[in-house]
Protein chains: 2
Amino acid sequence: MFNLFPIDNGVCAPEGFYCNGVSAGLKANSQLDLAFIYADSLCDVEAIFTQNKFCAAPIMHYKEYQEGFKTNFILINSKNANALTGNEGINNIKEVLSTLQQMFPNVTNPIMSSTGTIGVQLPKEKIISAFPLFKLDTKNNQNAANAIMTTDRFNKTIAFEVFLDDGKSFRIGAICKGAGMINPSLATMLCFITTDAAIPKEDMRPLLLKASKTTFNAISVDGDTSTNDTILLLTNHKSGVYHKEAFLFALEKLMHKLATDIVRDGEGATKLVAFEIKGAKTQQEAEKCAKALSQSLLVKTALFGCDPNWGRIASTIGASGIECSPETLEIYFDDICVYSKGKILFDDINEEKATRILKQDSFKILCDIGLGKESFIAYGCDLGYDYVKINADYRT
Amino acid sequence: MFNLFPIDNGVCAPEGFYCNGVSAGLKANSQLDLAFIYADSLCDVEAIFTQNKFCAAPIMHYKEYQEGFKTNFILINSKNANALTGNEGINNIKEVLSTLQQMFPNVTNPIMSSTGTIGVQLPKEKIISAFPLFKLDTKNNQNAANAIMTTDRFNKTIAFEVFLDDGKSFRIGAICKGAGMINPSLATMLCFITTDAAIPKEDMRPLLLKASKTTFNAISVDGDTSTNDTILLLTNHKSGVYHKEAFLFALEKLMHKLATDIVRDGEGATKLVAFEIKGAKTQQEAEKCAKALSQSLLVKTALFGCDPNWGRIASTIGASGIECSPETLEIYFDDICVYSKGKILFDDINEEKATRILKQDSFKILCDIGLGKESFIAYGCDLGYDYVKINADYRT
């Protein structure tokens with residue numbers, strides 16, 4: 001029905017999109033810290049934001065635009081979250097963006113997005129002083145992806161060309177950042193998605209929400225929810241091509257890759273773990289239980305130590321508040337069953353096999369609650385010394 | 001109305017109570033690992049247990065006794081939690097306790113309590129082989145308190161003599177263990193309280209629940225809830241003395257000291273932090289918010305790094321789900337205000353003062369939500385490298 005091909009250039013892979021990253025002196029040593037995404041025609045836009053009640057100034061600024069507004073520009077800075085900064089924080093955005101529009105009269109309804117330390121006013125002069133470096137017809141996706149990184153160890157970018165049966169195609173691309181303060185209720189990150197698909201405005205929000213549920217809303221690094229979480233989807237319709245199922249499929253693929261990349265890059269993390277819950281009574285319980293596992297400090301530290309301490313997994317399920325019984329529960333590390341319906345199968349041979357699985361870069365912990373038919377997969381990581389190091393020293 | 005005097009001997013300070021700790025070879029190097037508490041007459045008993053759905057075998061065994069049963073014996077082992085061990089786990093307890101009763105015919109309705117690794121069957125032979133070391137008329141509180149320790153760095157014991165105005169007195173004492181897997185919904189620990197107060201059976205449970213709310217239910221080390229949490233209160237009525245307010249006051253003092261000792265001894269912790277929420281709309285919201293702060297990994301690692309990163313505190317409040325606004329919020333480190341109702345007061349001078357406070361062994365983080373009159377204090381600790389070390393290597 002349709003075919004997906006990975007392509008280069010991330011957020012500027014779709015026709016008519018441009019981007020770059022420059023240094024505004026926010027990060028040390030002239031590192032890239034200020035990015036833009038520009039479209040040469042006006043785009044429909046949809047966004048999902050953090051559920052944190054203290055959402056950052058850029059989010060409040062976005063919400064001042066009229067419902068259904070169109071845009072062609074996103075400005076993104078790292079090192080400063082512009083959160084808990086009051087009216088001054090919003091006024092700083094307005095000053096920054098109106099200066100930008102004086103310099104680039106084509107820019108219409110610009111959106112700003114920020115990540116970094118909370119509770120410090122935006123260094124607007126530094127940001128403005130870097131505008132002369134912007135060339136709007138640049139297509140440098142690597143620079144843009146690097147400029148939005150904070151504690152990320154690698155940049156996160158992806159793009160697909162989607163071919164329909166009639167040979168027509170559209171493109172979709174994205175860049176994304178996130179490594180800490182990552183928790184469901186929109187995982188804490190910034191993600192910018194561009195497409196030239198002719199997706200109708202009314203399809204954008206439902207598809208974005210649907211794809212979020214099993215991707216960015218299914219990951220956790222540390223259980224903390226930031227003030228700045230943002231997913232933005234921009235379309236300029238330029239391909240003239242749209243196929244709803246194909247678009248959703250591509251969107252889910254794209255968001256799943258970026259979301260698991262965030263977990264893989266979790267602060268101090270050494271492995272990506274899929275926590276799959278099966279046999280729960282309700283969908284809500286499956287999700288609650290999978291997320292409890294992905295957030296348990298004792299599970300995460302055992303994973304770091306490559307210790308298949310399944311008792312901590314069982315205990316976390318029992319403490320998660322869902323309906324469950326030791327008589328119906330089964331626990332697997334990949335395909336190794338260590339506990340089955342009241343029976344401990346954790347002999348020396350199985351323990352050695354499970355330990356070997358835990359030494360892999362990625363694996364699955366499967367728990368069958370045995371009481372129903374609902375399932376959910378949450379993605380998490382281990383927690384090691386480097387998480388403490390990164391977050392004890394973050395501001396210094 | 002009454003006076004409280006600290007006294008020695010913890011759980012065997014009240015008249016008619018005895019205890020000791022011996023080595024049964026569960027821990028390495030002949031460390032103490034098996035404790036008993038014995039009363040020379042039958043006691044009324046009340047208990048509060050974990051809310052973990054997979055509660056351990058000793059808890060299920062306790063619940064097999066008839067409501068209102070009396071006891072004179074508690075047997076406690078460390079190193080093995082006897083949790084997720086099925087019927088075999090309960091049968092092992094019955095075998096251990098009936099062997100004990102054959103050896104000590106005075107023992108009536110004995111209670112067992114366990115702490116250690118989950119999901120391993122009880123080494124009952126080792127435990128039984130240590131019974132000949134028991135002398136029921138021993139009063140060695142230090143040995144008992146040491147034998148129940150797991151990753152605890154210090155033992156936890158306390159006792160008071162409570163004098164009423166008429167010169168009469170009663171005694172209350174306790175031992176307690178806990179350092180990891182500590183989270184509200186009864187903080188994860190074992191606590192044994194003895195008293196010779198003539199407290200009526202019907203007062204025991206309500207007073208125990210009331211005192212728990214602001215003590216063991218207000219602490220968190222890592223947000224994980226164990227399978228074995230237990231508070232047991234035993235009274236032999238021997239003093240003939242009772243005064244409800246005095247008893248509750250003493251019980252709260254005793255439980256508060258032990259609960260904060262657990263946090264102070266939190267795995268890898270270097271400081272005890274009181275998270276006080278004021279001005280919340282409801283009592284539930286005050287509690288929810290205070291506990292969210294005590295459990296945030298980003299707050300805990302910042303505290304470890306002595307970084308007064310108040311933005312993470314604000315962000316955690318915003319993400320906690322309670323009603324709140326940046327326009328009414330105030331944040332203090334002890335008496336230093338760093339954020340007040342939309343204004344950032346975090347200048348160099350205040351930052352230095354706050355950093356100095358964070359270097360103390362214990363301090364308060366006070367957040368005034370500014371929307372109501374309800375308050376709650378949760379107790380937590382920082383999270384450092386040693387938490388990772390202890391829990392990555394726990395079973396080895």
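In case you wondered, yes, glycine gets a Cβ from its N, Cα and C as well.
In TrEMBL this protein carries:
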| type | residues | note |
| --- | --- | --- |
| BINDING | A:T150, A:K177, A:T188, A:E267, A:N391, A:T396 | substrate binding site |
| ACT_SITE | A:T188 | active site, nucleophile |
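Overlay of TrEMBL feature records on the structure.
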| residue | record | DSSP class |
| --- | --- | --- |
| A:T150 | substrate binding site | coil |
| A:K177 | substrate binding site | strand |
| A:E267 | substrate binding site | coil |
| A:N391 | substrate binding site | helix |
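Contact with chain B, taken as any Cβ pair under 8 Å, is found for the binding-site residues A:N391 out of A:T150, A:K177, A:E267, A:N391. Neighbour counts were taken as the number of other C-beta atoms within 10 angstroms of each residue's C-beta; across the binding-site residues A:T150, A:N391, the minimum falls on A:T150.
Taking Cβ-Cβ distances under 8 Å and a sequence gap of 6 or more within the same chain, the neighbours of A:K177 (substrate binding site) are A:S78, A:T115, A:A145, A:I148, A:M149, A:T150, A:D152, A:N155, A:K156, A:M189, A:L190, A:C191.
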